[in-house]
């Protein structure tokens, strides 16, 4: 015989289980239709983008061009240029979990240390010779690095800090795929020293074991 209080506990457990089961059945990690072309004009906010009516989808929703054109590597101090092909460029990438970049390097240019918070990256060298690497998470912080030549492929695991450097005297170029329609990028120096508003100089001085004047000079470079 179940007591009144015991019955209430049992009833609440059944309610919670039912609600949890309903939520689990109402979501799916995989696409549930042929495609979900992004509707960039929809006011509805979801994790991703709302689907456009399939009846008005055209071939141009799955297409872009210009990846054959080299990016301008002279317009920044690090000597590289990233041309991105993601869901903002091709609406048909919505929900498909993939995107693409072309990275051009001036001689000795770098793609500065950065992370992709939502994607693993696989990179293929098309032209040139690059030094690449990534750093494992705390507390090991192991630096895994390799020199790549044309045709070589290298993988950067999701979320880990990584970089590329052209170590040749000629221009270099790579193509990389990422496992998200919108992988995001956090360039470490920009995020730390170019935050808006600034991270307090005393915090950064202690974190990087620098004096505050040096931190303030670095912050001024990223304003």
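Note that Cβ sites are derived from N, Cα and C of the backbone, with glycine treated the same way.
In TrEMBL this protein carries:
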SIGNAL    1-26  signal peptide
DISULFID  36-51  disulfide bond
DOMAIN    65-216  domain 'Cupin type-1'
BINDING   111, 116, 121  oxalate binding site
BINDING   114, 116, 121, 162  Mn(2+) binding site
Taking the centre of the Cβ atoms of 111, 116, 121 as the oxalate site, the remaining residues of that chain with Cβ inside 8 Å are 101, 114, 115, 119, 123, 156, 162, 176, 178, 183, 185
Length of the line joining the Cα atoms of residue 114 (Mn(2+) binding site) and residue 51 (disulfide bond), in Å = 31
Spacing of the two Cα atoms, residue 51 (disulfide bond) and residue 121 (oxalate binding site), in whole angstrom, works out to 26
Can you count the other CB atoms that lie within 10 A of the CB of residue 121 (oxalate binding site)?
-> 22
Given the disulfide-bonded residues 36, 51, which one's Cβ is surrounded by the fewest other Cβ atoms within 10 Å?
-> 51
Other than 114, 116, 121, 162, which residues of the same chain sit close to Mn(2+)? List them in sequence order, counting a residue when its Cβ is within 8 Å of the Cβ centroid of the site.
-> 115, 119, 134, 156, 160, 161, 183, 185
